[in-house]
Amino acid sequence: MAMKWQGKSLVGLAILLIIIAAGLFGMGNTLIQGQVLFGSTELIPWNLLIVAYVFLALMASGMCMIASASHVLGFKQFDFLGKRAIFLALAVLIPGLLVLSMDLGRLDRALNFITSPNLQAPMWWMGATYGVYVVLLLVEFIAMHTKNEKIMHYASYFTLAGAVAATSILGGIFAIVVQRPLWYGGATSVFFVLSAVITGIACLTIFTYFTFKFSSEKLPLKVDNAIKGLSKLMAILLAVALGFNAWRLITMFYTATPDFALIFNGEYAVLYWGGALALGLIIPLLMIMFKRSSGMAVVASILVLSGMFFDKYVTVIGGQLVQPYGEVTSYSSTITEWLIFVGAIAGTIVIYSVGVKLLKLDESTHMEAEQDKKKKLRPSAV
């Protein structure tokens, strides 16, 4: 059995490395030829890479929120997932930031972020917040790995605040654009935070399930219970997300904007109704409601991630299609954009797999650190 699993893992690793190589080829080609390789134009400046970054950044923030909240709020059922969630958040966020860097065209422009900061720009605050947030994630993970309960305790509060701040500021970049009805409004930032938690739960569920499923014949009871608990939480949040989307549609219906027609019965109607709503919210919610099992939770989580990607695609790309003077333009992604995006996902899987092999992601938790501390304080028998 061990040799068989080892052979499968090597084949899987080889496939992932090929995908990463394709992504690196796309990145290298971008650095040489520039953004002519992308589908973005003067009217549609943000492309698939921005969609990918938003999707991955929200996913990472959501897992951080779950990990930190499990300690801050005392959710002991999810405590053993804390270290895994924090490492997985790093494994998702780092490739996501690399994807974003490719949209700059020239990496030396990143220096302007430090040398010429624009404190009035939400995008600058997003970059600064995510920079601090990555450092906080690293600090919390190292504290978990070394079982430093004191640092873990304080880091959980700071990373939770950092995740919420970074996510809401990311949503704020869209929320302040008055000319874009699909973006504008304070609810956008709130929905970004909600989306982050939902995608974070879905991602953590999938990776946790398959990690334990591939390493043992039967799913451990604590893992099974944790996945079922996460699915219940996700079901509640999916219902809330449906409410957000309902009011979004009602508001746009009364304002009668061209953007409403775009997602109601226009070019992006299938992506929105079929992908974002049906596939990403309604079907997973019904699946979790009628059959509460780990396997069903994983299938629902896969659908949720797919739907959330469609939602962000409709939001980012669809929000740019209707121009200020009523003209509706179009956008087509390119093979280079997809190579970079898929390569980033493969990079996340490889980073996580290395972490599983080398870092013992289940052996350092808040609960175990507290138990170790009590053992040290307990007087030894004479």
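Backbone N, Cα and C atoms are what each Cβ position is placed from, and that goes for glycine too.
Feature annotations, courtesy of TrEMBL:
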- 50-73: transmembrane segment (TRANSMEM)
- 85-102: transmembrane segment (TRANSMEM)
- 122-143: transmembrane segment (TRANSMEM)
- 155-178: transmembrane segment (TRANSMEM)
- 190-212: transmembrane segment (TRANSMEM)
- 233-250: transmembrane segment (TRANSMEM)
- 270-290: transmembrane segment (TRANSMEM)
- 297-318: transmembrane segment (TRANSMEM)
- 338-359: transmembrane segment (TRANSMEM)
Can you name the far-off residues of the same chain, 6+ from the ends of the transmembrane segment (297-318), with a Cβ under 8 Å from a Cβ of it?
44, 46-48, 50-51, 54-55, 58-59, 174, 182-183, 195, 198-199, 201-203, 205-206, 209-210, 227-228, 230-231, 234, 238, 259, 262-263, 267-268, 271-272, 275-281, 283-284, 287-288, 331
If you count every Cβ pair below 8 Å, which range out of 122-143, 190-212, 233-250, 338-359 shares the most with the transmembrane segment (85-102)?
338-359
Is the transmembrane segment (155-178) packed against any residues at least 6 beyond its ends, judged by a Cβ distance under 8 Å, and which are they?
54, 57-58, 61-62, 64-65, 67-69, 71-72, 86, 122-123, 125-126, 129-130, 132-133, 136-137, 139-140, 143, 184-193, 196, 315-316, 319, 366
